[in-house]
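Summarising the annotation, TrEMBL assigns Ca(2+) binding site to 279. The feature disulfide bond is assigned by TrEMBL to 80-90, 103-115, 114-125, 149-194, 193-207, 230-276, 275-283, 295-309, 308-319, 491-507, 506-517, 588-597 (among others). Annotated domain 'Albumin' per TrEMBL: 23-212, 217-409, 410-607, in sequence order. Feature annotation from TrEMBL assigns signal peptide to 1-20.
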C-alpha cells in the first residue's frame, strides 16, 4: 500500500469528487451503497478514509488492526462495485458496515455493550466512547531525533501512515482532510529537518521544535473547535447550535439578507450533525458544498472573502472562518425599534415564534459586530423572555419598553467584567494573573487536580494576553468566544467525571448563560478540605532552581493545595503565608546544604502557617 500516493490522491481528488457523494442518512439505498462510494472515491481514497474512521472509532486498537479493518471493508466495497451490488451486505448504509466490521473483530471488549444495540443507538453508543482527552500525539520523538530521522528514511510511507493513524485516534472528532493535510506537513517537516542529519552543524532538535508548531497547531485548534461544537449540539440541541451559527454568520455577512443567512445556518447545522455523528463522508461533502455556495455568492455575501475563495480547497474553510466581518451596509439603521414598538409583535410571536426570534437575532447581530456571539444569544433569550411576559393578557402597555433598560444593564455588566479582567491582567502580568484565576477556580472547583487547574487557568491567561491588547470593539468577541472554548472543555471534563453541583448547573442549564454562571460560582460549600498530611506540603532543594518557569509551577501547586486545605483563606492570610514561605526559601537557598535547611525549616513553616490560618 503506497500511503504517500494515498495521501496526495485523496487531497487532490476526493475533495472534488465528494460533491457528488450521496447522503447516507437521507438518500435511497442504491445511492447509499458501499459500491457506489467505492467507485466515486477509488480504492486508495476509500482505504485512507476507512483507516481514519476505524482509528477514530477504535482508539485503543493497534495500527495493524486499523489497517486490517480498512482493508476488509475496502475488499467488500471492491466486490460490491464490481459484480455483487445486489448482495444484501452491499446495500447496507456505509456507517452500518463500518460498525459491523468493528463488532466482528475479536479482542475489542470495550465495545461489547455498543455492539448489542440496534442502529442508530449503536452509532450513538460508539460516539459516546470517543475520547480526545489524551491529547495530541507528538509528531516526533524528541528524546532521539537522530533515530527518528533514520526511521523516516527507511520507512517513509509506513511512518506517515502510522502518523495518520495516531492523529486520528488521538483526535476522534477531527475532520479527515485536516488529518491528511497535517500528514503532509509532518512528512515535509521530517524531510526538511532530516535532510541535513549528517551535518553536525545542523541542530536537529531546534529544527523539529521550530517546525512542529505548523504540524500541531491545526490539529489542536480544529480538534478542540469540532469537539466543542459537538458538545453544544449534544448537550443543548440543534436549536441552540442554529442560534449560535445565526449570530456568527449574521455578524460575518451583515449585507446578506435573512433568507440567505438562514440557508447558510441550516446547511452549517446539518454539516455539524453529520460531522458529530461521525459520518465522515457526508461531513466532507457538506463542508465542500457550503464552501462552494459561499464562494459562488461571495459578491453578495462579503467583500472580505475574495482572497479566501482563491485559495486551495483545504485552506479555504479556515480562511473564511478567520476572515474579518464585512462592513455593515451604509443604510443600516442603528436601532431595530420595530421589534419593540410594532403593534403586531405578539401576534407574529404567537404564529411563528422561532422565525420571529431568528429575525430579531439576525437584525441585532448584523448591527453589533462588537458583541460576542454568546452575548447576542443572551440578548436573544432576553427578548424571548420579554415577549413571553409582555404578550400575556393584561400586560401593561409599556411592558416591552422596560426590556430596553434590562438590555442596557446586561451590556454594561458584561463589558465591565471584561474590562476589569483586562485591567487586572495588564497590572499583574501572566504569572500573577494566573494565580488570581487559580485562587478563584480552586475555590469553585476544588475537585479538579492541580494539573487540570493549572492547565485551564493557563489557557485563560493566554486569552488575556491575546485579547486585552485589542481595541474595545474587538475585545468582547475575542475574550468571550475563546473563554467559551475553555469552559466547554471544563464541562466535557465534568461529563466524564462530575466536578460538583454548581459546575453541573452551569454546564447544563443554558449555553448562553454558561460564562456568567461560572463567574458567579463561589466556594463549593460541600467540599471537604484536604487534611494536613505530611506529604501535602513538602519543601526540597529543587525550590532553589534558577529556571523561573519550573519554580512558578511548584509555587502554583503549593497555592492550589493551600486553598484546598483552607478554602476560606482570606487575602491577608494568604499574603502572610506567602511572605513566610518566600523568606524561608531565600534563607535555605543561601545555605550550602539547601536540602538539610528545608528539612529543618519546612515543618516549622507549616506550624507557623497553621497559626496564621486559624487566627
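Backbone N, Cα and C atoms are what each Cβ position is placed from, and that goes for glycine too.
Bear in mind that TrEMBL entries carry predicted annotations, made automatically and left uncurated.
Features as recorded by TrEMBL, highlighted on the structure.
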| residue | record | Cβ contacts under 8 Å, 6 or more apart |
| --- | --- | --- |
| 103 | disulfide bond | 111, 114, 115 |
| 125 | disulfide bond | 113, 114, 117 |
| 230 | disulfide bond | 173, 272, 275, 276 |
| 319 | disulfide bond | 305, 307, 308, 311 |
| 491 | disulfide bond | 231, 235, 503, 506, 507, 514 |
Length of the line joining the Cα atoms of residue 295 (disulfide bond) and residue 283 (disulfide bond), in Å: 18
From recorded positions 194, 279, 283, 588, the one whose Cα lies nearest residue 90 (disulfide bond): 279
CB contacts for residue 295 (disulfide bond) [other CB atoms within 10 A, all chains]: 18
Distance, residue 80 (disulfide bond) to residue 193 (disulfide bond) (CA atoms, angstrom): 44
Rounded distance in angstrom between the Cα atoms of residue 283 (disulfide bond) and residue 309 (disulfide bond): 20
Minimum Cα separation from residue 588 (disulfide bond), reported as the residue among recorded positions 149, 207, 279 that achieves it: 207
Nearest recorded site to residue 279 (Ca(2+) binding site) by CA-CA distance, among disulfide-bonded residues 80, 149, 597: 80
Integer Cα-Cα distance in angstrom, residue 517 (disulfide bond) to residue 309 (disulfide bond): 39
Under 8 Å by Cβ from residue 80 (disulfide bond), counting only residues of that chain that are 6 or more apart: 33, 34, 35, 38, 87, 89, 90
Cα proximity to residue 194 (disulfide bond), best match among disulfide-bonded residues 207, 309, 597: 207
Sparsest Cβ surroundings (other CB atoms within 10 Å) among the disulfide-bonded residues 90, 115, 597: 115
Least Cβ-crowded entry, counting other Cβ within 10 Å, from the disulfide-bonded residues listed as 194, 207, 276, 309: 309
Around the Cβ of residue 114 (disulfide bond), the count of other Cβ atoms that are within 10 Å: 21
Distance, residue 309 (disulfide bond) to residue 207 (disulfide bond) (CA atoms, angstrom): 32
Between residue 149 (disulfide bond) and residue 597 (disulfide bond): CA-CA distance (Å): 47
